[in-house]
Amino acid sequence: MSASDLTSVQAGAPQGRRQILVTSALPYANGQIHIGHLVEYIQTDIWVRTMRMHGHEIYYIGADDTHGTPVMLRAEQEGVSPKQLIERVWREHKRDFDSFGVSFDNFYTTDSDENRVLSETIYLALKEAGFIAEREIEQAYDPVRQMFLPDRFIKGECPKCHAKDQYGDSCEVCGTTYQPTDLIHPYSVVSGAAPVRKTSTHYFFRLSDPRCEAFLREWVSGLAQPEATNKMREWLGEAGEAKLADWDISRDAPYFGFEIPGAPGKYFYVWLDAPVGYYASFKNLCQRRGLDFDAWIRKDSTTEQYHFIGKDILYFHTLFWPAMLEFSGHRTPTNVFAHGFLTVDGAKMSKSRGTFITAQSYIDTGLNPEWLRYYFAAKLNATMEDIDLNLEDFQARVNSDLVGKYVNIASRAAGFLLKRFDGRVQASAMNHPLLATLRGAIPQIAAHYEAREYGRALRQTMELADAVNGYVDSAKPWELAKDPANAVALHETCSVSLEAFRLLSLALKPVLPRVAQGVEAFLGIAPLTWADAGMPLSPEQPVRAYQHLMTRVDPKQIDALLAANRGSLQGTAAAAEAGAANGNGAGSKNGKGAKAAAQPAASAANADDGASPIISIDDFAKIDLRIAKIVACQAVEGSDKLLQLTLDVGEERTRNVFSGIKSAYRPEQLVGKLTVMVANLAPRKMKFGLSEGMVLAASAADEKAEPGLYILEPHSGAKPGMRVK
């Protein structure tokens, strides 16, 4: 389908029953779903529901993106296998999507037999067609863990601004991009060791092949978003520039993923098998439902295929993915729809401010998921513009639009209709001019949704709601009800109000599916579709007792949501204070009397069995406790107890501390963690070097009976150099 065809379809009524495959980007299986993710899934779900309401054959496909080094290392950190980790995360992600009404036809995993077979098939087809190259490359290598390191697993000092602890590809302080080899004093995030350079054979997809450039120049002309088209043309350059570079599609063992056929110890890079995971998830669905999978993906398929993504992964979905499909003999995407980023209260999501909001915390705090669906929809359009969740505006808009304008229409009319007219509408009222206006607007609202102009659809819907409320205010049914002589007028007013409410509910159904279900049950009607705009309520079907469909947002709920997501040192201090009052130290792990104990430079101090002497607040104030970030860690040669920690305490230089916690932690487990240190302890010279402080850890009073050491780890949001007080 060309861009002009797509525009014509989006501008008007559906042209016959279409077959459509839709995907959202796959969430990575090493973290929680947050509201930034939900922008995309809600956007996609609204579009899918819109098309279902037209009666099209449409399948919404998703999966967890499960492969790669981060998943492998996260699993190791948690003491589980990668498969155990991704199975747990899949359940968490599925729970969150269900909570927000994201209606996948199949939510699967990229770690599946279907994905392995499809990835191998596509790779071998590309190899047969001459699109796979093999060459030696030099990479950073961790000599301790014996593994090659991705750029983001190398840190060091920025070569430009000299900021510490920066990633191997760019500086978060000054914004400079560079090669990992440019870092000053680089170290492996995995082990803390200095990386070395090592060569390895890698496999490349030859995106630089002239056939790829020719195909992509033609394919880009069909993209619906001008911003995407312009960005792709920038990447492609002018004819003859040859700006496209070959794409490394392989990684070396150890790696969690699929091994490349005929290349032992080499694995597909996650970005090769992740988009193939769209097809794998769909194939799994086809096998269960008896659908013809090949008819949807073969080169001459007449089906449609749309990908909803964030603008940060446009490169993969508009260059690599369509080229992979084209030259492996498959159909290419009909279109790719990219959205912008989410900010909260005008700023990036922040753990310290509590605005890095997880989906589960939103649900646990008792907020209605359809509030957020409505607010995001009101902000979304067909462009790649960023959107902002302003929490004050969120509260005001939901309370005004959904409660004040929309659901109140039903609550104002239902009681009179049930009490006076047995819940049956007046047949003649269904021809009221106001209702004709609403019915006439439904096709345009549906077209706005299909064009991804959700904000326009909702603005038009709320303008209609204003008109309905104006009608009710003018008719004054509460006044009409006082005089039996006004029964006909009262019946008409309530009937017009409820039919208008049905039409508004139809207009809002893609955004508020659960409210729509409640409306359908209340009115005693079948599930609403766009074709039902002209099918008014019937006097033959009485409405049922009205149940509240939506409550107002309480400001206290917003406060509770922020508190639930805020990484706060006050919370840590309060817990320590409460623990002390109960006879337990701040580092209490299990409530069995474990105490916080400082770990001196040489070895872990044994906690005193008895209570410590009482000290004054002045004595305590002498201790300068600071948040420290462990930027490097290594075992001390010749010692079976000590680890050498390099700590960032917010000063111009790092500090060196020896700590007797080797029995409890491997060096790679500690790198990147925050902890608490005594910053004003006099330096101590040891045979291994100078120790410039001590870190804090907890241990049981009787370490022989209950062994274990536990370093103190502040909540997210704490920063190196912050005082603990």
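Quick reminder: no glycine exception, Cβ is built from N, Cα and C everywhere.
Looking at 248-252, 288-292, 303-307, 348-352, the range annotated in Swiss-Prot as motif ''KMSKS' region' turns out to be 348-352.
Among the ranges 5-15, 27-37, 170-180, the stretch that Swiss-Prot annotates as motif ''HIGH' region' is 27-37. Long-range neighbours of the motif ''KMSKS' region' (348-352) within the same chain, counting only residues 6 or more positions beyond its ends whose Cβ lies under 8 Å from a Cβ of the stretch, are 34-36, 342, 565-568, 716-718. A C-beta separation below 8 Å, combined with a sequence spacing of at least six in one chain, links Cys174 (Zn(2+) binding site) to Cys158, Lys160, Cys161, Ala163.
When the Cα atoms are compared, Cys171 (Zn(2+) binding site) and Lys351 (ATP binding site) turn out to be 20 Å apart. A simple Cβ count within 10 Å picks out one of the binding-site residues Cys158, Cys161, Cys171 as the most packed, and that one is Cys158. Apart from Cys158, Cys161, Cys171, Cys174, the residues listed for Zn(2+), the same chain places the Cβ atoms of Pro159, Lys160, His162, Ala163, Gln166, Glu172, Val173, Gly175, Thr176 within 8 Å of the centroid of those Cβ atoms.
Over the motif ''HIGH' region' (27-37) the predicted model carries a mean pLDDT of 96.
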